[in-house]
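Engineer: Before anything else, here's the structure in question.
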Amino acid sequence: MAGRSGDSDEDLLKAVRLIKFLYQSNPPPNPEGTRQARRNRRRRWRERQRQIHSISERILSTYLGRSAEPVPLQLPPLERLTLDCNEDCGTSGTQGVGSPQILVESPTILESGAKE
């Protein structure tokens, strides 16, 4: 069901039920009262939501034996990353948007340091 090898469906369902119960036990605040009272209720509600979120992450890591966060993306070394603006860079509002160019060799301009 979960699509992950090694994870028990029953453990996953148990964790999901527990997390669902935690979120249901913290309904949104009542919209009545003075502005300050409403603000305080919202602030306390958001803090409880943050606590529930952190508890949910701990539940997932305990029940499933792994972190809820995805594995970080492996990036190439910084020496291989370059900015290539030979193509149309667009207007000033869209500069820098797009996929990075990766060159196999470092450009000679960066290596020499001499002015031509």
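The backbone N, Cα and C atoms fix where each Cβ goes, glycine too.
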Engineer: Quickly, which of Ser99, Ser106 does Swiss-Prot have down as phosphoserine? Just give the residue.
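Structural biologist: Among Ser99, Ser106, the one Swiss-Prot marks as phosphoserine is Ser99.
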Engineer: According to Swiss-Prot, one residue in Ser25, Ser92 is annotated as phosphoserine; name it.
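Structural biologist: Out of Ser25, Ser92, Swiss-Prot attaches the phosphoserine annotation to Ser92.
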Engineer: When you scan the chain for residues with a C-beta under 8 Å from the region 'Homomultimerization' (18-26), skipping those not six or more beyond its ends, what do you find?
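Structural biologist: Cβ under 8 Å, 6 or more out: 45, 48-49, 52, 55-56, 59-60.
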Engineer: I'd like to know the mean pLDDT over the motif 'Nuclear localization signal and RNA-binding (RRE)' (34-50).
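Structural biologist: Taking every residue in the motif 'Nuclear localization signal and RNA-binding (RRE)' (34-50) and averaging pLDDT yields 96.
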Engineer: State the count of C-beta atoms found within 10 angstroms of the C-beta of Ser8 (phosphoserine), not counting that atom itself.
Structural biologist: 13
